[in-house]
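> Have a look at this one before I ask anything.
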Amino acid sequence: MPPKRASRAKASSSSKDTDSQDVVMEGHTPAVAVESATEESNQSTADGDITAIVKRSVKRARELFAEDQENIYSTPTEDQLSQRVKLQSKIHDEYKDVQVLPYPLLKRQKEQMEKKKSKTGSVIAPAPSATAGDVDSGVEKILDTLPKKNASQLSSALVMHKPTIHNPFPDAPGGGTSLVRRPVAKAIRPEWHAPWKLMRVISGHQGWVRSVAVEPGNSWFATGAGDRIIKIWDLASGRLKLSLTGHIGQVRGMAVSPRHPYLFSCGDDKMVKCWDLETNKVIRHYHGHLSGVYALAIHPTLDVLVTSGRDATARVWDMRTKQAVHVLSGHTGTVSAVKCQEADPQVITSSMDGTVRLWDLAAGKTMATLTHHKKSVRAMALHPTEFTFATASPDNIKQWKCPEGQFMRNFEGPGGVTGGGGIVNAMAVNADNVMFTGADNGAMGFWDWKSGHQFQRLDSLVQPGSLDSEAGIFCAEFDKTGLRLITGEADKTIKIWKEDDEATPETHPLDWKPSLMRKRY
């Protein structure tokens, strides 16, 4: 009996094992069994491998499908909104009153941007990494996404007043809205020039000599006077070569064309005449001025003539067709002087209303109006080689820079504007940087163009038999070499001046003392 029970027990145990296996195969939860220590360690390593695999797959998915590929590893998305709000409030509180950066910072910022562009264009960017630079780039991205207010969105209810700051550097962008250091005033040492002396006195006119013009070949010069006669003189000997009659008023302006055999003249009779120097006759008249014509200039490259006068206009004429191309209106007083040059401004006029105007010849409109003078501007001169010019009025002599008409300096002598207290009627400049001014009382000033220093002061001597009040100078011009100065005066004479050949810096030392008190207007 006992052996049978044992066999039955074995059979029942084996049937239980098969039943338990069948239960496991059918999906039922097996009984919890106690595992060994080795099995637990193997399970933990398997879980670590799965976590690493999941993180790697998430990282690769983010790299593949992220919208902002540049800032994948920058500040998390949930923090960007708070950072944007923080930056907006900080910018509004600290920088709302700063509109334009100082010029040095703008320049430095521009250079950094150019360097950055050049680097990104030539060097391949390295793979992004979560460093401080990446955080900075994320902040820059946030700054770029900040909303910018348009002019229409700005409130006009309360606007903070911005005080006006004097800008000592008008050329520097943004210089007027920030504090900048003014440059140290430095006096320019003038160049030594030989003194001038009287060379020849020519008599022949029966009235005031009002205009003078030198021929481009430098062999003769022409003068016009109050006796209504134009006289042509030999420059070397001073002898009279020809007299031209035709005007019925005093001849106020003259010019000799460098490209045509023409001499142009104008006067108080409202006439503008073109003389053919081959036949010595008038071949053209230019009608249009409503009053006396005081000045005349020829364009150096175009067949254009510009005249100005007492009708407060400057008129541009076509030489050949005699038609008025433009009427340059804008002055409110007599236009006393007009000059032409190749580059813009091609026409410059000065007027008795105290202003100087720079004109756009193509459009016939004013480019700039210079209002620095306080009194009437009676004389003007262009530098033959530099892009500068000078104007003279009873209050001052000023030097300007083209093309914008920027003020450069004042010419100040020891005795006032002219050194004698007169009104400047005539100006001339040569290529050696010597400027001459002649006044209505006979005062003559010779100036250094670079520094504005008056290195010589003379008084014109009247012709014997004339009154002392007739020592006025009405016109002046250097010859083409710049070594001779021709002046027309109120004593009906023409005087020719030259430099003293025997003068040296030792015999005539430079009398100059630096002064830092210079006007900036």
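Placement of Cβ uses the backbone N, Cα and C atoms for every residue, glycine included.
Since we're looking at a predicted model, the values are computed, not measured.
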> Of 114-135, 136-157, 158-179, which range does TrEMBL call region 'Disordered'?
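Range annotated as region 'Disordered' by TrEMBL: 114-135.
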> Which listed range (202-243, 244-285, 286-327, 328-369) shows the maximal number of Cβ pairs under 8 Å with respect to the repeat 'WD' (466-507)?
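Between the stretches 202-243, 244-285, 286-327, 328-369, 202-243 has the largest tally.
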> Apart from its near flanks, which chain residues at least 6 from the ends of the repeat 'WD' (244-285) lie with a Cβ under 8 angstroms of it?
207-208, 210-216, 222-232, 291-298, 300, 305, 307, 309, 317, 319, 322
> What is the pLDDT of the repeat 'WD' (286-327) when averaged and given as a whole number?
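When the pLDDT values over the repeat 'WD' (286-327) are averaged, the result is 96.
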